[in-house]
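Asker: Before we start, here is the structure in question, set down as structure tokens.
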Amino acid sequence: MIILGIDPGSRKTGYGIISKQGNRLIHVDNGAIFTQSAKDFPERLEKIFTGLSEIIAQYRPEVVAVEDVFLAKNAQSALKLGQARGAAIVAAVNVGLPVHEYTAMQVKQAVVGTGRAEKAQVQQMIKALLNLPEVAQEDASDALAVAICHAHSAGMSALLKGVR
């Protein structure tokens, strides 16, 4: 199963693609879509949508996992983040892909084993789990973490369905 993880942001949207083969997780690609803050916000949303649509067309994931919105101190920032998430989700559902959402705490729990892990701990675990030569860029690392979270969650769901 190929999983696309997305860490949405209005300035940088991270993506991480992994392949789950049995119990193995294999790194496929990761990176970020950068938008220019000088551009009008709708143009930035279009760049997120188009960039993710191209990534979906290239790698053909079977499922998309997106990090859920955190509570921001600034209401305007929270609204922009929500709109960036919307652009990312629409890129997936536009081609019929299922979308699963995970909180930051769920992602940290799945990757490190504790929902209160520090960002550096998560990055080091991703490097180890995916056998990366170096720690991925922050937004890409977060997206890989979301993909890993889904891989673990999907595996658990499949096990539970088999028990019933």
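Quick reminder: no glycine exception, Cβ is built from N, Cα and C everywhere.
According to Swiss-Prot:
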type	residues	note
ACT_SITE	Asp7	active site
ACT_SITE	Glu67	active site
ACT_SITE	Asp139	active site
BINDING	Asp7, Asp139	Mg(2+) 1 binding site
BINDING	Glu67	Mg(2+) 2 binding site
Asker: Tell me which residues of the chain lie with their Cβ under 8 angstroms from that of Asp7 (active site), as long as they are six or more apart in sequence?
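Answerer: Listed in sequence order: Thr13, Gly14, Tyr15, Gly16, Glu67, Asp139, Ala140, Asp142, Ala143, Ala145, Val146.
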Asker: What number of additional C-beta atoms lies within 10 angstroms of the C-beta atom of Glu67 (active site)?
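Answerer: Taking all protein chains shown, Glu67 (active site) has 25 Cβ neighbours within 10 Å.
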Asker: Quick one: what's DSSP say for Asp139 (active site), helix, strand or coil?
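Answerer: Asp139 (active site) sits in a helix per DSSP.
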Asker: In three-state terms from DSSP, label Asp7 (active site) for me.
Answerer: strand
Asker: For Glu67 (active site), which of the three DSSP-derived states applies: helix, strand, or coil?
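Answerer: Assignment for Glu67 (active site) reads strand.
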Asker: Taking the Cβ of Asp139 (active site) as the centre, how many other Cβ atoms fall within a 10 Å radius?
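Answerer: I count 23 other Cβ atoms within 10 Å of it.
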